[in-house]
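Chemist: Attaching a single structure in structure tokens format; questions to follow.
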């Protein structure tokens, strides 16, 4: 009997299909057993069938009818926040672990290199947003060596890589990401901005992270950021620093005012990132989508490893 944990993907659009290709190309602890959609003509479902993976276009009810359903341990949801609430209730009732790629955020915000170890026993984990996956590791890196009073991220993504869901949920993106900057990144106050870049040919994802901190020197911050970038690169090879980390000091004679928090003295750190997609299914400029699917897969692998360990101990 295979030691691998069977997994399913709900959602056969761009995100679900890219995740499917990653799971097939880079197998570790999981075996993809099913892909679920609602459109029988979906390209994602057709690609899954071509690869010998069970499919259904009848949504979660169709998944539950598949012969392997009882053996599935991990389910990825790449649909919508509204649909996820229904899926989550049904899946957890059947003992499945759920990785949520929607904005529903029923489970805890999860950034693999930052706080995955805290959520290995969670039954539902949320992948925040693409901007969150790219930038919160950097905020957390600064927080590990300093007290971060304020963190602001600016995510610039190709307009062509932003589908109707992203466009309809810009406000939700900024709120969710800002909340996770605080809850996961460790900043006392967080702010997020997203820019849809219309440039042609499309530009890869670019992110800027600003932090205002005290209690650490520049070298400690620089080293912590470099270590965190290496951790993210382990599952997103196209994630990299665009240039050297920049620092600016504010002392008693040139205090910086933080809206809502008063005057600040300490170090302003500016980190410039770019994220190039792996090109598994989505084009390489869609680094914003690639980092979501890569982070979801990395999270699923850790959850699956936990299941394998429990089986061995039983």
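Cβ coordinates are placed from backbone N, Cα and C, and glycine is handled just like the others.
Marked as active site, acyl-thioester intermediate by Swiss-Prot: 130. Residues annotated as NAD(+) binding site in Swiss-Prot: 12, 13, 14, 15, 161, 162, 163, 164, 165, 166, 167, 168, 169, 288.
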Chemist: What number of additional C-beta atoms lies within 10 angstroms of the C-beta atom of residue 161 (NAD(+) binding site)?
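Modeler: Around residue 161 (NAD(+) binding site), other Cβ atoms within 10 Å: 24.
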Chemist: Roughly how wide, in whole Å, is the group 12, 13, 14, 15, 161, 162, 163, 164, 165, 166, 167, 168, 169, 288 that binds NAD(+), by largest Cα to Cα distance?
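Modeler: That value is 20 Å for the farthest Cα pair.
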Chemist: Quick check: in three-state DSSP terms, what is residue 163 (NAD(+) binding site)?
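Modeler: In three-state terms, residue 163 (NAD(+) binding site) counts as coil.
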Chemist: Just name the winner among 12, 14, 169 (the binding-site residues) by count of other CB atoms within 10 A of its CB.
Modeler: 12
Chemist: So how many other Cβ atoms are close to the residue listed as 'active site, acyl-thioester intermediate', meaning within 10 Å of its Cβ?
Modeler: 30
Chemist: Would you mind checking how many other C-beta atoms are within 10 angstroms of the C-beta on residue 165 (NAD(+) binding site)?
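Modeler: Summing over all protein chains shown, residue 165 (NAD(+) binding site) has 16 other Cβ atoms within 10 Å.
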Chemist: Have a look around residue 163 (NAD(+) binding site) and count the other CB atoms within 10 A of its CB, chains all included.
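Modeler: Residue 163 (NAD(+) binding site) is surrounded by 12 other Cβ atoms within 10 Å.
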Chemist: Counting across all protein chains shown, how many other Cβ atoms sit within 10 Å of the Cβ of residue 167 (NAD(+) binding site)?
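Modeler: Within a 10 Å radius of the Cβ of residue 167 (NAD(+) binding site) lie 11 other Cβ atoms.
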Chemist: Helix, strand or coil for residue 169 (NAD(+) binding site)? Use DSSP.
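Modeler: It is coil.
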